[in-house]
Amino acid sequence: MASGAASGGSANTDTYEEARSWLLLPAWVTLVALSLIPVLLMLVYSFLTKEFRGGVIWEFSLAAYDQFFFDRGLFGDDPATLEWTYITIFWRSIWQAGAATLLSLLIGFPTAYFIATRPETSRPIWVFLVTIPYWVNLLIRTVSMKFLLRDQGPLNDLLIGLGLIDSPLHMVNTNFAVQLGLFYSYLPFMVLPIYAAVERYNFALSEAAADLYASKWTTLRRVLLPSVKPGVIAGCILVFVPSLGAFLAPDLLGGAKNFMIGSLIEEQFKGNAGNWPFGAAASMILLTMVLIILMIFARQQARAEREV
Amino acid sequence: MPSNSFDIKSYRGFQAITILCLIILYAPLIVVMIYSFNASKSITVWEGLSLRWYADVFTGPESGKFKLAAWNSFLIATIAATVATTIATLAATGMIRAGKFRLRNLSYGLISLPLMVPEIVTAVATLIFFNAIAFERGLMTILLAHIAFCIPFAYLPISARMQGIEDSYEQAALDLYATKRQAFTKILMPLMMPGIISGFLLAFIVSLDDFIITNFVKGAGVETLPTAIFGAVKQGIKPNIMAISTMLLGVSVVMVTISYFISKKDQKS
């Protein structure tokens, strides 16, 4: 992870060295108390016994993880077989997040490239245009998407009006709606790192390739893409990771059939399931997955930096 | 934008995809904005322009609920953003202006922790934390949770700004017998203002935006705008929700635009 050292070095000084502990103390206290300790407590709770209707009994138990991975029949005394319900939900989440990432890449890459090749003065305006929707309330954006996609919604009206379809397309409560919702939620995260990478790219390399009779698409694939790969990977991670644990898009646009991890976890605490240790265990599994992805990514970025 | 076919930089179709991208981004918002001015009670039929639903938001049967939720939202966002910005400014000074130290990487990891942990996991962890210490859920729990996850958002623009300010200004002040405290408050802080304002605005919007964490740690009956809107949308999208959404959307866009112009003006000078 970049620690953000200034290139000149003159900004990183030791002027306030003796006050350092006092300057950092409020951040340490707040984040240890409200971020670090809660995550560690969640780990503890995932190994406790559930209290009916929420909460826990302070008794060690592996029941939460057992319920996640194994099926022991209705009365719990059958031989354990693999439980597919929750693995399927996780798998569906990975698949949906992957599809949303691919969609974001297919639209985000050309957009980022187009913006990065505008004249220097107009680039900030384009970046601003792409980022504004991100700062609009996520709930409102998701609700707006649902409003647009409804069976009697404006999109269907438009398509019927244009004579493209005869009867409304059913889009809400489909996998596609969820993917579109996730795409809509996190698209700027794809565009910004790719934009930054293309902006730094030396177009003399493309010119050299063109001089050697490479076609434009060959140049894109064999010269540009390898150079901006770190930006592309960063964009994919920044879309994939929040999509994996998303709650609003699957809940509002997906309906019951398209249940994802976020809804599974939410149901344990806010819904009818009321099984806190199980919710904590599912959260731990999600967090572990995310941290592994981030670690692989950090290692790759570090290697890429060494190679340059 | 004339595209030169010999230009090796331009690819056919990329401009069209960019336009498509912007349409996908803006169409849902614009449609909801338009329909919020619909006179009709139905969300499917257009019956002409009207401010009826805006009046409904302020004086209608649900106005009490929404006003209280809006008050809670803005109160929490203001306090959380102020506290988070203060903490982030001090932390940035400690990280960037206080020499090298052993715990630097660890501190950086701690500050970015809320960004790495998925939101739903933060929500679960925070709920469990308040439950474990038997802290009664209400406005206070929402505020504490918001302060924590606002810190990295405030920290990013503030630290970026601080890295761009050479320390020669502070050194000049110190040479002229200013105390360290004076160098900090009279020299560094004013130079930092654009970064601090951006940090505050980002933190404010992020707090105003939050649904998942708030929904987990709020007490029964305590609502912020997003949780109130979510509750209402579960019964179906109604025109008054579109009016509220349009107003909230306006607040976000105005704040981001202010932040954009502050940073742009600052780059010029």
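Numbering starts at 1 and runs along the chain as it is shown here.
Each Cβ is built from the backbone N, Cα and C atoms, and glycine gets one as well.
Annotations in TrEMBL come from automatic prediction, not curation.
Marked as transmembrane segment by TrEMBL: B:12-37 (among others).
The annotation domain 'ABC transmembrane type-1' is assigned in TrEMBL to B:70-259.
Under the heading transmembrane segment, TrEMBL lists B:74-96 (among others).
According to TrEMBL, the transmembrane segment annotation covers B:108-133 (among others).
The transmembrane segment annotation in TrEMBL covers B:139-158 (among others). Same-chain residues lying 6 or more positions outside the transmembrane segment (B:139-158) and placing a CB less than 8 Å from one of its CB atoms are 72, 75-77, 79-81, 83-85, 87-89, 91-92, 111-115, 122, 126, 130, 192, 195-196, 198-200, 202-203, 206-207, 210, 213-214, 217-219, 222, 224, 263.
Taken from TrEMBL, the feature transmembrane segment covers B:187-208 (among others).
Here TrEMBL flags B:241-262 (among others) as transmembrane segment.
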Intrachain neighbours beyond the transmembrane segment (B:108-133), with Cβ under 8 angstroms and 6 or more residues off its ends: 88, 91, 95, 141, 145, 148-149, 151-152, 155, 212-213, 215-217
Contact set, same chain, for the transmembrane segment (B:74-96): CB under 8 Å, 6 or more residues outside the stretch: 104, 107-108, 111, 139, 142-143, 146-147, 150-155, 158-159, 162-163, 184, 188, 192, 196, 199-201, 203-205, 207-208, 224
